[in-house]
């Protein structure tokens, strides 16, 4: 019996059941992944006990000599990984990294140009329910109806018309390569700051499988999980002339003590991402996504923009007469985890949606390869066709669990 089982059997049971879920189901949520045992070990270490307000060498607490070493390693590895002059590894999340940029260069009421949430953007890019939409004047761009790819003519027109102080590039549900150089040109034309949120594609960027935003943006933010396959957390990259401005916005601006156990885990993840094997992993992620997209199209599914260039795709279920919410619930019963997602120009409410977003980072981590995507697409197709048929879904769930057992986790 473990210490946790003895002290708190209820939480121990929750963790046990969640591990079973992760082992036995196909994880197709594009923003989820499985960290290495080394990352988990660092995050569960004694570093969780240490307060360390401030930055290495400039702390407000004593006894920080070793956590200073951990944070410096994380900073240097992040800079090397993305060829950046500056890295702040303290943000607790991608949203807080974004908030720090807003607070650093904007005043309440300033104009921001960001991607519409319902066309692929993120809550923190100007949604009215987010701080970004509540404190600032937000103008939103989207995608073209014919290609379902970013409408750069619209971006340029809105930029010239509204003269935003900050332009945001990056997305949470966009399956194509983003032209950061073009965003940079538009921002320079109107003397705006450019912030790129690369949370979803950071792993692809550091592996050379997606163009880097670092040369074109004033600020780059990211999460450290998703394709980067680290602990849940945030990251800011920038140029050295912004060091004091950005450091002060994270602490004491919006955060107090950093999570040193998470920062150590970030350092481990960055070291893993610097290895040649990580690029090979990212190549599998992209190859898996391309193969899965092809198999789904062969089964009659319409993909937003016609396919994918990265790790994710959006499936429009309108032709199948199924909502995203029903698809998410049905596939979960079949042992397949996805999330409902709005598609461009969606007529359904955000709680319902016409589509699902799926991705392959977690599949590739398990060792599931492109030639397995025919089976994965087949499982999805059978699940969606079995909506409401509980016995059929139960049988399919058993098949999916058997399939997953060939690709063990946490070995």
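Think of each number as a place in line: the chain as shown, counted from 1.
Keep in mind that glycine also has a Cβ here, set from the backbone N, Cα and C atoms.
Within 10 Å of the C-beta of residue 121 ((6S)-5,6,7,8-tetrahydrofolate binding site) we count 24 further C-beta atoms, all protein chains included. Sequence annotations record features per position, and here Swiss-Prot assigns (6S)-5,6,7,8-tetrahydrofolate binding site to 117, 121, 122, 123.
Annotated site 'Plays an important role in substrate specificity' per Swiss-Prot: 225, in sequence order, evidence recorded as sequence analysis. Secondary structure at residue 225 (site 'Plays an important role in substrate specificity'), as computed by DSSP, is coil.
Among the features that Swiss-Prot reports, N6-(pyridoxal phosphate)lysine is placed at 226, with the record citing sequence analysis. In the structure as shown, the Cβ atom of residue 226 (N6-(pyridoxal phosphate)lysine) sits within 10 Å of 27 other Cβ atoms.
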Residue 225 (site 'Plays an important role in substrate specificity') and residue 122 ((6S)-5,6,7,8-tetrahydrofolate binding site), Cα-Cα, nearest whole angstrom: 16
Candidate with sparsest Cβ neighbourhood (10 Å radius) among 122, 225, the listed recorded positions: 122
Residue 117 ((6S)-5,6,7,8-tetrahydrofolate binding site), number of other Cβ atoms within 10 Å: 24
